[in-house]
Amino acid sequence: MIDITLPLTDIHRHLDGNIRAQTILDLGRQFNIALPAQTLETLIPHVQVTSTEPDLVSFLTKLDWGVKVLASLDACRRVAFENIEDAARNGLHYVELRFSPGYMAMAHQLPIAGVVEAVIDGVRDGCNTFGVEARLIGIMSRTFGEAACLQELDALLAHREKITALDLAGDELGFPGSLFLSHFNRARDAGWHITVHAGEAAGPESIWQAIRELGAERIGHGVKAVEDRALMDFLAQQRIGIESCLTSNIQTSTVASLADHPLKTFLEHGVLASLNTDDPAVQGVDIIHEYHVAAPAAGLSREQIRQAQINGLEIAFLSDSEKRALREKVAAA
């Protein structure tokens, strides 16, 4: 179902949600951190979703073991490098990796700006080694509150030239976007693109707020948009992209089943929706699974899957010339 003549992208992919189980085991042993299991086979149920979680917050706890072993900046650099290696193995030409430096720093009180620098270094080295093109999106973890998000923002702005966009993720219901208006004003002043997790746990009003008040050019997940016809029209007319993550939305109980997922409706409505993974290691999936298994199960035709692939590059945070160069590179391969 993947069109090999077109660039394959993943523009909603959490770097700190894609820490390999083997790496968690390795780092746990290296730093003498007590893990819930001592073999790869027995560790996986603790770090990977093996059945549907009751809600988004429950799903997010599966990410915690990955960051609990980040006891040094070198460990952060390693997982960033491995994220690019994983992207290359999946056949991705372009990936936007998003990460929350405060979340990665928290367990071992690492310097947040140091985490940002380590991630930048690891991703750069990975891109040079594996030939994948990547951009970084900084996340503010709303769950930890406004002050913690300000610390994350300051650390990200210290490396503003290496960061492409700002995102807001975490507990959407408990920490609405209205708490973070000044944060996003600063991000836009820095020249960054804006994407926001919205309409995943909360309703269409969260998406409207992300667009109108935070300046979102893309929406992460956005599944509740289908509940508001005016919003659907607005998304299509204004070319505001939706970063769809099929398997993730089932695992978080955001959507009841793949057959109920709104991605097909988005595409039929002319919304620029794309296919992405979200947290591949935690979910136990990759981009190939999303195209070959999840998308057909969600009712997408072959042409709709191809359109979603096209949309992934269309709404990527790249210039027109960068997109053109990537298309030409893939076409010539």
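Just so you know, glycine gets a Cβ as well, placed from its N, Cα and C.
So that you can see what the record holds, here are the features copied from Swiss-Prot:
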BINDING   HIS12, HIS14, HIS197, ASP278  Zn(2+) binding site
BINDING   HIS14, ASP16, GLY170, ASP279  substrate binding site
ACT_SITE  GLU200  active site, proton donor
SITE      HIS221  site 'Important for catalytic activity'
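Features recorded in Swiss-Prot, as mapped to the structure shown.
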residue	record	Cβ contacts under 8 Å, 6 or more apart
HIS12	Zn(2+) binding site	GLU96, ARG98, GLY220, HIS221, GLU243, SER244, CYS245, SER274, ASN276, THR277, ASP278
HIS14	Zn(2+) binding site	LEU63, LEU97, ARG98, PHE99, ILE139, ALA169, ASP278, ASP279
ASP16	substrate binding site	LEU63, GLY66, VAL67, VAL79, PHE99, SER100, TYR103, MET104
GLY170	substrate binding site	LEU60, SER141, ARG142, THR143, PHE144, HIS197
**OP:** Mind checking which of GLU200, ASP278, ASP279 has the fewest other CB atoms within 10 A of its CB? They're the recorded positions.
**Re:** GLU200
Original post:
Within 10 Å of the Cβ of HIS221 (site 'Important for catalytic activity'), how many other Cβ atoms can be counted across all chains shown?
Top reply: 28
**OP:** Report the residues of the chain - excluding HIS14, ASP16, GLY170, ASP279 - with C-beta within 8 Å of the mean position of the site's C-beta atoms, for the recorded substrate site, in sequence order.
**Re:** LEU15, GLY17, LEU60, LEU63, ARG98, PHE99, SER100, TYR103, ILE139, ALA169, ASP278, VAL282
Original post:
Taking the residues HIS14, ASP16, GLY170, ASP279 listed for substrate, what is the greatest CA to CA distance in Å, to the nearest whole number?
Top reply: 13
Original post:
Over all shown protein chains, what is the count of other CB atoms within 10 A of the CB belonging to HIS197 (Zn(2+) binding site)?
Top reply: 27
Subject >> Where HIS14 (Zn(2+) binding site) sits in the secondary structure, as DSSP reduces it to three classes >> reply: strand
